[in-house]
Amino acid sequence: MGDMEGKKTNPAAMAADAGREEGEEHDVGDLVGELLEIIDSVGSFGEYRRTQRKESFNLVRRMKLLAPLLEELQDLEYPIPDAAYARLCGLLKAFSAARKLLRCCHDGSKIYLALESEAVMVRFHMVYDRMNQALDGMPYDALAISDEVKEQVELMSLQLRRAKRRIDTQDMELAMDLMVVLSKRDDRNADGAILERLAKKLELQTLPDLRAETMAIKKFIKERCGQNADSTQQILDLLNKFKRVAGIEDANGLSDVTLPKYLEKCPSLMIPNDFLCPVSLEIMSDPVIVATGQTYERRSIQKWLDAGHRNCPKTRQTLAHLSLAPNYALRNLIMQWCEKNKVELLTRDADQDSDHLEQKEEIPSLVRDLYSIHLDVQRKAVKKIRMLSKENPDNRILIAKHGGIPALVSLLPYPDSKIQEHTVTALLNLSIDERNKRIIAKEGAIPAIIEILKSGTVEAKENSATALFSLSMLEENKVMIGNMNGIPPLVDLLRDGTIRGKKDAATALFNLVLNYGNKARAIDAGIVAPLLNVLGDKNLGMVDEALSIFLLLASHPDGHTAIGQLPFIETLVQLIKEGTPKNKECALSVLLELGTHDSSLVSAALRLGVYEHVCEVEKSGTNRAKRKAKSLLPLINKCKGV
């Protein structure tokens, strides 16, 4: 008995011996150490871009779940079999790909990650597939892995297999916003509102964020080596638009600093960074020091303070006081440098400053005039407020501050077409400011705007639709507009309006049907028929927008029946065959959504010859279209009985 106890065997060691007979022995220490080092490094990234934040944290969490397995392997006192080593090598490849992806989501271009969100999501799922393949068939018994750790790893593997890509309403909203701002439309305040919402979503509102994004795009372009010029140009276009929203001028989207007109003749001139105002990015002519010790151009920082900000734009610290001290030493250095390099500084036109000051002083009296008993005084006042609220973001804040919103709302029911038109447009302009959206709704403007949408002039109807679109960026306003029957008149405008009116109605309806309850309301209001007309009207150029609305409606049970008719399936098949690359992407998305709920619709598309077109798109379409085609083919093959 004593001999038997003295020769007591370890089952795991016996299994390892068996493994060594079949293949090579491997020292696991370095390999496991590298895997654990990657887990530590991705854990140190901390934050991720907003568009991929959730998925990035999910991936890091899943990687960390494998740490106990790796720590137990690190404690092994004997080499592991070849089969286990091969799987750990596969896991290292998956982890390396994961680290590269997470680094991109940590410090890559926010604009690129938003535009290519689906492609990035595919990369996440490729990493999940690699991790799952590496863990599948891991010889736990041969490695003496505890039951607790084994169960944890198997549970994580199950989660990986179940992980499915999906587009939620936030992604759809982002996709539609990007579609609108990148389209060649007239530059209207509705587009400005979308830009502000995008800037907020992508966290590209502050000067430091825009500078970091510029550097990320520079790095991205360098890595692309001139490839995909069209998508690169889209990224640059968006960057420039975000800079304009923030009040920064940047002609080419790539320079760290802007070369103003007075430097156009000598663009290669290296300007000392300390000479540039952190807000305007231009050479300072009147530098002043704020409470934090930072220096700014007087005009730029004064504008910042006048807008109600009480922190330093660069450091974000709260200012202990609002005094501005002239930085004479820096001013002298700038003057000497300008003289030496023959650079003539342009000072701001005094007339412009006085005009802006006059506007600020004029606003309180204009608001009072809105309550005048004289019609012509009211007309002039509301027209002027419409103009001021369009021109300047600061004016929107001041008009609201002086009680302009309640005064304007009180004029909406006024039986004068011009006053109505100017009033609803002024409220549209004011609604671009996030705080004003809530005030406008709270003051009871929405029912009156809906009434103008029903019975106002052509321009008043169009601007009412755009105002509802702007207000509906807030979820509570989406619900309010739906409950107050704002959707039927928008559907009427989509059916009977001018080209511009139809575009305004479509954009507003898209925003509203992001809300689940509004999907049924839109279907009940008869949205399907006018949307089909939009699809067939080449003059509108709104195929993608219409298909995006159809995609949202298709996710609702009532939408399956209303949309899933043969004429619509014929239209989808035609677009998949002959549409633009973007048309094909959107049409495939809608057919995939419908087919997921009702296979008979896929069968109908199959009879119309869709299979050949889907196969063609899978080979030569855009990346997104290829992914949609690949997802649709199994449904088609199932209907074919393959």
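Cβ atoms here come from the backbone N, Cα and C positions, even for glycine.
In TrEMBL, the feature region 'Disordered' is placed on 1-23, out of the ranges 1-23, 300-322, 415-437.
Counting residues per DSSP class in helix, strand and coil order gives 32 helix, 0 strand, 11 coil for the repeat 'ARM' (403-445). DSSP places the residues of the domain 'U-box' (270-344) in helix, strand and coil in these numbers: 25 helix, 12 strand, 38 coil. Within the model, the domain 'U-box' (270-344) carries an average pLDDT of 82.
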